[in-house]
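Structure record follows, encoded as structure tokens.
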Amino acid sequence: MIRRGTRRSPRDPERRPEGAKMAALSGRARGALWVALLALCGTVLALLAVVLVRTYAPRNPAPAPELWARRSRQQRLEPSFSPQERRELKEALQGAIRMQTVSFSANDQNTTALAEFEPYIRKAFPAVFSAAFIKHEVIGEYSHLFTIQGSNAQLQPYMLLAHIDVVPASPDGWDVSDPFSAEERDGFIYGRGTLDNKNSVMGILHALEFLLRRNYRPHRSFYIGLGHDEEVGGGKGAMKIVAELESRGIQLSFVLDEGSFIFDGVVTGIEKPVASIGITEKGEITANFTVTSEPGHSSAPPKRTSIGILSEALAKLEQHPMPNLFGHGPEILMFEQLAPDFSFPLNIIMSNLWLFGPLVGRFLEQTPTTNALVRTTTAITMFHAGVKSNVIPPSANATVNFRIHSSQTVDEVLGIVDKTIDDKRVKIEMESAFDPLPVSPWDDQTFGVQVFRQTIQDVFPDVGSVAPGICVGNTDSRHFVNLTNAIYRFNPVIFKPEDLPRFHGLNERISIEGYEKQVQFIFQLIQNSDISQSTEPHANHEL
């Protein structure tokens, strides 16, 4: 006989404790879930509040110092040039462009044209060469150093740099017949050196010439350095100018060299032009990669030839780029400062790089121009191998150029390269190398920054922002780090998207109006630099 257990009702008192426990647990779980949801909502709301505050909180622009305001009302000369002076500007620049001061290598320069440059500028700028308070010296045979003795020896001097030499140019592909013709077309002067960098050479000297003709003597002393071999490293020009100044114990308030531009329509999401002033330069490594192997007849080849081994090593470098370092260097300052100028929703993203930095970094690496801002770049520039079609090559050699991100060093980059290739058959020898340049100060109290902002406001009132930037190329200014910690790179010329490939490329040109603006900029900068700041060191500066 089967005995059946007694079935209890759900209301049975013996089952109530278990049901109560389940209900209590369920209630606590629901409570914990609500607490978690409320905490999550609070976190999201807090993040949203931080994002909105950082995006839309008013940012007060740096006010123009009262000293400049008073000076503008009293004695500052306006950069207004007569029709005759404007013709003179154009013709003097054209004459300089026609002089083929080409640097092919450090040991191969057109020294004939470089030697002819001195008599040319003597004739073009008679007031500069005749002023009693201006001293001119030829350094390293073809470079030029001008010392302009100001009327107030207590003001620390500054320096303006430019370079005379240019890179080679073939007429193939140019819209004009000769890249050294300085042909005028549609309001532009075409020719090698119109942007890099005879526009600065002639612009600096012409601005000083026009000030002298108006009987202006600077209060603050300054120097003009015109190098003749910047395109091949500056070893015989800029470095010798530096050595001369160091021997005199000179320390500079700031240095201004070529570099970045006023970008109009170049920065996605910003309508107004942006003046970008370089506060540092990337470092550089030029290295030779070599593989050697036994030569032989191609009818009985080894499994791997020197060409194959080296090609695989170079392919690894291209397939595994250096790490994305956005946010680890000064590039982040540029985007943070430009954040209010971006359109929605980029203004929110750029104002909150603490949150969106990785996203922005991934976006920037998509194009070559912006990719250069976020990492050390790798460029395989030369490859040599093979002696005959039926001979196993005894060696293969390649040259690779690395431009080093500001947060890395030469040794760090070489370590990554060695780990990436991971092949002892590939020998690496450095041809040249230097670390990234120190980052110059960028704040409202820095004298040079004050001068640049005021001068840009004077001459380019349509510019929306003045922001720090990075020079992905190198300039002569890198040799001046022992003379000042405030080195800036800025070419006061408006640069549009179609101008980017012209730099060192085809159809290099500058608008006549743009060149006049550049001269006006230097004209105003010299006057604006004559302001005495309370932070000036009170000591005489021997020149």
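Using the three backbone atoms N, Cα and C, a Cβ is placed for every residue, glycine included.
According to TrEMBL:
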COMPBIAS  9-19  compositional bias 'Basic and acidic residues'
TRANSMEM  31-53  transmembrane segment
BINDING   HIS163, ASP196, ASP257  Zn(2+) 2 binding site
ACT_SITE  ASP165  active site
ACT_SITE  GLU230  active site, proton acceptor
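Structure with TrEMBL features highlighted.
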residue : record                       : Cβ within 10 Å
HIS163  : Zn(2+) 2 binding site        : 28
ASP165  : active site                  : 28
ASP196  : Zn(2+) 2 binding site        : 22
GLU230  : active site, proton acceptor : 27
ASP257  : Zn(2+) 2 binding site        : 28
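Closest by Cα distance to the residue listed as 'active site, proton acceptor', from the binding-site residues HIS163, ASP196, ASP257, is HIS163. Highlighted in sequence order, LEU161, ALA162, ASN197, SER200, GLY227, GLU230, GLU258, THR475, ASP476 have their Cβ within 8 Å of the centre of the Cβ atoms of HIS163, ASP196, ASP257, the residues recorded for Zn(2+) 2, and are not part of that set.
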